[in-house]
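Here is the structure we will look at, set down as structure tokens.
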Amino acid sequence: MLTASLYKQLPVLTTTATSTYSFIRLSSTLATPPHSTTTTSPSSPAFHQPNHPQQFANPNTSVFDVSTRIYTQEGIDNNNDTKFLTKAPYPHPVFPQDECENVTVTHRETKTLGDKISFRSIQFMRQCFDLVTGYAVPKTNNPDEFKGTRWEMTEGKWLTRCIFLESVAGVPGSVAGFLRHLHSLRMLRRDKAWIETLLDEAYNERMHLLTFIKIGKPSWFTRSIIYVGQGVFTNVFFLLYLLNPRYCHRFVGYLEEEAVRTYSHLLDELAVPGKLPAFETMKIPEVAVQYWPELTPKSSFKDLILRIRADEAKHREVNHTFANLEQKTDRNPFALKIEGLNKPQPNHGINVMRPTGWEKQDLQL
């Protein structure tokens, strides 16, 4: 016979066992997809998540790697966004192939204290950026000088550098255009076409960025740097433009000099067969074909970089010229072509271009 104490404990044991069994059955039910009568093995296609690993040309990177994952041609085609496309508010001028190839690396010598501060600031920013991204210009003509070291530039590192550069370069034009817009409203007078060119510049830089992100997927580490960097740089540039817009334009002129130098280095590496194989066979994304009038679906990555470098060279000329002008009274010489002049004047193209900027005495203002 059962004792009274043992008899009282039996329901407790039974209840605990029943609850445990029910919990196990519930867990098993939740772990099994509803209305599923087949067993899924790790080797079956349904087991794997649809992350499309075949769309990337380079393998997975480490968590803190700044390299961008390059899409295969299939990945680029799948990422083309052709829905609800609108015409560009600032149509891109035609840049002939020979004029794009004739763009050179130049430097405007510093003349004033403001010039020196602007130039040194750019050099400091570049050195920090080079250190983080593992970038270095070869000191010799040997393209394999840094092969096997952290300074070797791969397709992923090149694209990271381009993406970060364009995310920064798109800020000054929009900030300067916004502040000049407010100034025009506040002072109840014309801006003399500075705003249009500045916003065109910002739009152009953003199109560079939108093109690059169709070619590769930045790492989360790169995205975090861009997120923080944009917040800091935008606010600092905003305050400095209020204080001294002339030297802010000089700063951007030197920034564009570095952009031209970077893209020229990239073009040099593209000229070496087998150096950047993923870029050699790549067809450009649809957004580039829609924006640059000379590009076609058959254009190469090199054709794209030639146009982007030409854009940066134009921004270099524009900002160095703006820094030479009277900020509140002079007109924008790039906005209007004056007929009947017997001397060259700035225009939207790159056929008549002064890389270090136009001096004020040479302009019809």
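One-based numbering along the chain as shown.
Using the three backbone atoms N, Cα and C, a Cβ is placed for every residue, glycine included.
The annotation region 'Disordered' is assigned in Swiss-Prot to 32-52 (among others).
Residues or ranges marked as compositional bias 'Low complexity' by Swiss-Prot: 32-46.
As annotated by Swiss-Prot, Fe cation 1 binding site applies to Glu166, Glu205, His208, Glu312, with the evidence given as similarity to another entry. According to its DSSP assignment, Glu312 (Fe cation 1 binding site) is helical.
When secondary structure is read from DSSP and collapsed to three states, His208 (Fe cation 1 binding site) falls in the helix class. Here Swiss-Prot flags Glu166, Glu205, His208, Glu257, Glu312, His315 as Fe cation binding site, drawing on sequence analysis.
Cβ neighbour count for Glu312 (Fe cation 1 binding site) (all protein chains, 10 Å cutoff from its Cβ): 27. Under the heading Fe cation 2 binding site, Swiss-Prot lists Glu205, Glu256, Glu312, His315.
Here the transmembrane segment (220-242) has Cβ contacts under 8 Å with residues 63-66, 68, 132, 160, 163-164, 167-168, 171-172, 175-176, 179, 248 of the same chain, all six or more residues outside its ends. Residues or ranges marked as transmembrane segment in Swiss-Prot (evidence: sequence analysis): 220-242.
Broken down with DSSP, the region 'Disordered' (345-365) shows 3 helix, 0 strand, 18 coil. According to Swiss-Prot, the region 'Disordered' annotation covers 345-365 (among others).
Packing against the region 'Disordered' (345-365) from elsewhere in the chain are residues 93-96, 99-100, 103-104, 106-108, 253, 310, 313-314, 316-317, 319-321, 323-326, 330-331, 333-334, 337-338: each is 6 or more residues past its ends and has a CB under 8 Å from a CB in it. Excluding the listed site residues Glu166, Glu205, His208, Glu312, the same chain places Leu165, Ala169, Gly170, Asn204, Arg206, Met207, Leu209, Ala259, Ile308, Asp311, His315 with Cβ atoms within 8 Å of the centre of the Fe cation 1 site Cβ atoms.
Cβ atoms within 8 Å of the centroid of the Cβ atoms of Glu205, Glu256, Glu312, His315 (the Fe cation 2 site) belong to the same-chain residues Ala169, Glu201, Asn204, Val252, Leu255, Ala259, Val260, Asp311, Ala313, Lys314, Arg316, site residues excluded. Glu205 (Fe cation 1 binding site) and His315 (Fe cation binding site) have their C-alpha atoms 10 Å apart, to the nearest angstrom. Close to His208 (Fe cation 1 binding site) in the fold, though at least 6 residues off in sequence, lie Cys162, Glu166, Ala169, Gly170, Ile308, Asp311, each with a CB less than 8 Å from its CB.
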